[in-house]
Amino acid sequence: MSDHDIFKSASESSEEEEVKVSDCERLLTAARNGEFDVIRDLTTLLKRGEINLDVNCKGDQKFNRGWTSLHLAAYFGHKDVVKILLENGAGIDVTNPNGDTALHKAAYTGRLEVVRVLLDAGADVTMINSEGQTPRLCAKTREISDLILAAEAHDNKEREEQFLSSVRDGQLEDVQELLQKKSKRPNLNCRDAFGNSALHIAAQANQKEIAVFLIQSGLAPDVKNKKDQTPIDFARNNEMKQILGVRPVKEFTLHPHRCEGTLFKKSRFLGFKPVFVVLERGVLSYFRNRGDASTGARRKGMRYLDGTIIMLPKKSENSAEFVLKYSDDIQHTFSTGEGEQEIERQKWLNALKDHITYSTHYMHQGVTGSDEEEILPLGSLQDTLKTAQAQQKLLEKEMASLSSTVTVPGGSQLAVQQTQKISQMAHEMCVTFGQCLTLFKQQDEVRALQLKEEMEKSRVLQEALHALATEHHELEQSIAVRKPSTQRYYDTDEDEFYDCDEENLENTEEFPVHGTFKEDVECMSYQSIKCESPDLSIQSVTEKSKYGRTKLPVPMFDRNDFSVWTILKQCIGKELSKITMPVVFNEPISFLQRITEYMEYSELLENACLCNDPVDRLKYISAFAASAISSNFERLGKPFNPLLGETFEFNRPDLGFKVVSEQVSHHPPVSAFHVESPNYKFHGSIHPKLKFWGKSVEVNPRGILTLELTKHGETYTWTNVNCCVHNVIVGKLWVEHYGVQEIVNHKTKHKAVLNYKQGGWFGKDLHKIEGCIYTPDKKKVKALYGSWAKELFAVDVGDYEEFMKDFNSGTSPSHHAKPLNGASSDGDVSDDIPVKSPSTYDLQIPGQEVIWTGVPRPEYSQEYFSFTLFTMALNEITQENASQISPTDSRLRPDIRLLEQGQIDLASAEKNRLEEKQRAARKERKKRKEEWSPLWFSYGTNQITGKEDWLFKGEYWKKDWSKCPDIF
């Protein structure tokens, strides 16, 4: 084919695609506007074959993205259009990106006649959207809800009748197919008019295979009908009675049991060396000893077991060795060592098979919900079962060996020996299984009693806390009526989210943008949003600070409209980073941007570089470490969890530094950052661990921070202290930091130790810092004191100790704490909040110096999530940085931008879309057996600490975005 023919063919194909898209858009527009004649003409042309049109095509415009013509017609209530679309093959249960079907949309907008049409056409009333709602739960009116409820009851009745009929007729494949359906699945415990279950009917019809399947599916064989008859009373013969006498098989765990112990691992040169192996959730990890395994530290190796093959050495079937061949063809040889080699090896092989099956299923089917709790039997029962299973495998092997021996001429003596050996093993196995049955019975009784007690405790606790929360909310509302005061917007009432009304969204203003900046804005996707895309252009705020804008686009929403208790009561004791939280708990910045707030007082590092005395340098660096968390004061929102591969850069030559950060890991979540300046480098990685403890949320920011002063050739390291948010259920929320922080100069061996005090009764030591700087020979030379929320002082340690001695004896000069930001002390606080407000802690010691004072926040800060001026500018897109930032930059995240603009519903939808997209990408990588590798950081050894850390590659500032992933 000539080049001319190739170009001609490509041109014709392109023209056909344009016509197709044009016809699709005509169909969608006509469905939206109820233009019946246009749709009739299009479907007529489609039947004649004159156009190539997919009736189920989805829109790609901002106002109809992901919606089919049936969605639009149902949403706007065009009954005749819905009918003609269904007649021409429109998919009645097709979903949009939010999981909504046409029935969801018709019910939500109150289109009763359309709902009737869809139900008559067989719409699935059990479909669940992304918010976990069926069409009935979305219904706008009671009439529509009752109509869908009646349809649900009718459908359920039909499915149950079909199920029982298939059981009676012995159609095993039909029964299995019905019970394996994800939707429209019949109730396994359904009854007929006489109260007979499916097992009653199977016994009556003598359907043995179906009876076995039903029992294996969990249907109880002792259920009674209306005449108190059990299925065994319907059995025609002894064989059926024997089947019905078996208890149903139930799984004790949602995951394979954890297995651990010492194995010998073969290395290339040193032979077999002992390692402590842990099998957990489809992952094999090995450590030097049990102590390392218990802490999770110093793991020597880890392998995912999906696709792993177990191989036994051919030379010796009875040896203790076995080989694991992983999915990437790497092989590891293990041995169980001395002793009962065969039984021990078989126990490990059984455990490995379970974990391989789980891991393979997990990688292909997705992750089990993190909120599902696994129920584990006691360790003694697990060990006994594993031993019994191992003995059973060996018994089968010996039986096979005996069978082959009997067939060999002259093998009678050998057969006798084999028989004696099998008899002994069978006896041991029977004893072990007898122990299992006894343990089962005992533990079942104990579990039933414990479950009953715990359920009652949980019920009483929930009712008490709910009553307390309701009473406290009513008291706060009554106080607010009598005495207006600044609200915190954190007590909430109802956790429902609704679609935005189209009329309001159509009036969204769109600001003009130019050039590359406009391209970056337009590339952002907003699935299923029936409005103009949110404004991501340059902010129209006229006031500017040295950092940028001074306000967010709109003030924050009122959190009084949302319920804290209904969400948090199910999170007690769980890892918050594994719980999907509503956006109302978030603030409109990413955690990567929150890390950048460390640099708000970067001038302290510049001051440190100018000092010649290492004690003075450490003094300013200690102030920098304390000031890094000052922005947390009164900040009660949770930053957005970064997506894997998300980045953030803050390049400010006018401030003397540039920052780049990247989310380098998702499980566990790890954020790495790197700061460069002519005088210093500052880098590290943060792995925040969050826990909810009923009344408070604790954050442990794990990770070592490293500071290099290039002029002096010095390196400093430290870790941040814990943060705690109090009164998350009732009362005013407040935050504090506590713990000991050690800042070490690795060159001179000077050290600063700061003690962040935990607030005591009546506000004693609230937000207080005390500490000292030590010389290499551990002598105190400087005392540091103040508040991490406002200021820090330094004085010679001798003057400090003398002052404190006089102060404690009552002869020190009077000291009055000055309130921070004008905070009052008139008692308008919750009982759980320390009465004392953060103060200057200025002891007025002669010779003291102020090494750091926080910049007061603007008066309107509480209207904008209590952001500082530095934080206000972090998410701002300007004409200067729009063409410079990476396509994975946090400023381009649509959910953060929507929350910043006050569009909560759309922000929630976008947050869910981004999380689903991230999960899909992870599954696709696993399918292709690809490992995620960060673009800008690599995992290596920190030369200062000697520990593994994420180190900056230095390639980011070349601005080559060709390898950036599509994460938004």
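Note: Cβ is positioned from N, Cα and C throughout, glycine not excepted.
Residues or ranges marked as coiled coil by TrEMBL: 378-405 (among others).
Look at TrEMBL and you will find 899-931 (among others) tagged as coiled coil.
According to DSSP, the secondary structure content of the domain 'Peptidase A2' (115-129) in residues is 6 helix, 0 strand, 9 coil. If you look up TrEMBL, you'll see 115-129 marked as domain 'Peptidase A2'.
The domain 'PH' annotation in TrEMBL covers 256-357. Confidence annotation: the domain 'PH' (256-357) carries a mean pLDDT of 81 in the model.
Annotated region 'Disordered' per TrEMBL: 811-836, in sequence order.
Within the chain, the repeat 'ANK' (65-97) has long-range Cβ neighbours (under 8 A, six or more residues past its boundaries) at 27-28, 30-36, 39-40, 43, 46-47, 55-59, 103, 105-106, 108-109, 111, 113-114, 117-118, 121-124, 127, 129, 525-529, 913. Among the features that TrEMBL reports, repeat 'ANK' is placed at 65-97 (among others).
The list of residues near the repeat 'ANK' (98-130) in space but at least 6 beyond its ends in sequence, with Cβ under 8 angstroms from a Cβ of it, reads 66, 68, 70-71, 73-79, 82-83, 86, 92, 136, 138-141, 143-145, 147-148, 151-152, 155, 183-184, 499, 527-528, 909, 912. The feature repeat 'ANK' is assigned by TrEMBL to 98-130 (among others).
Long-range Cβ contacts of the repeat 'ANK' (194-226) within its own chain (Cβ-Cβ under 8 Å, at least 6 residues beyond either end) map to 163-164, 167-170, 172, 175-176, 179, 188, 232, 234-237, 239-240, 243-250. Positions annotated as repeat 'ANK' by TrEMBL: 194-226 (among others).
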